[in-house]
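Trainee: One structure is given below, represented as structure tokens, and several questions about it will come after.
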């Protein structure tokens, strides 16, 4: 990964590498670290292609159901397999869809497909709490539907996205993560993993927060090259406070970040 080197493009020029890649097949469930990924018009292949919704078709996330962090997808050749503590594995064929439905992500209503009663019962059983039953369903994004990121932030460019909150890719860096962990340690807290921030692309070889100043990412591989334009800082949310290994929440990460960063 190389940044633009000519003054006309940017006054900030750095070089680095892609250290890690993550895909999150089911929105707000655990991610899958992959050695390589196919970059599509809507982001990395299979990223946020499925989403859990309530009876009204509204998306649900770890914000209200932190146990979603314990649902671990596995991407196989022809199917996705979902596992969670105390549950039998749920197998979802890539080419399987059932009834067309409408699903809601923030202010967007998008076309999707319901994934059937077996998947619905699986998610409802695992995510319900004693005395708080949930009736949930699993939806898959309709690839024929065109959902766009905010044109205000993309400068009018029509950037497509599936069920992600707003944008096709989230970029983070090992340098920024190291600084956060140094500050956590100085305050007497344990270090945390970058998985809490749910990035798609993790960059190495940059100083902390260099990614904030990047105007264009130039990515070169043996198969070809791509350019990615960062357009918006990620809005702070409570999910980084949730330990993905236990689904328990504590405020140290968010409090520490707020002490030196707004986003």
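Quick reminder: no glycine exception, Cβ is built from N, Cα and C everywhere.
Below are the features I grabbed from TrEMBL:
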type   : residues : note
DOMAIN : 136-263  : domain 'MOSC'
REGION : 239-263  : region 'Disordered'
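How buried are these features, and what lies next to them?
Mentor: Counting residues of the domain 'MOSC' (136-263) by DSSP class, helix then strand then coil, yields 35 helix, 26 strand, 67 coil.
Note on the region 'Disordered' (239-263): residues 28, 30, 61-63, 66-70, 180, 183-184, 187, 189, 192-193, 195-198, 209, 233 of its chain, located 6 or more positions outside it, place their CB under 8 angstroms from a CB of the stretch.
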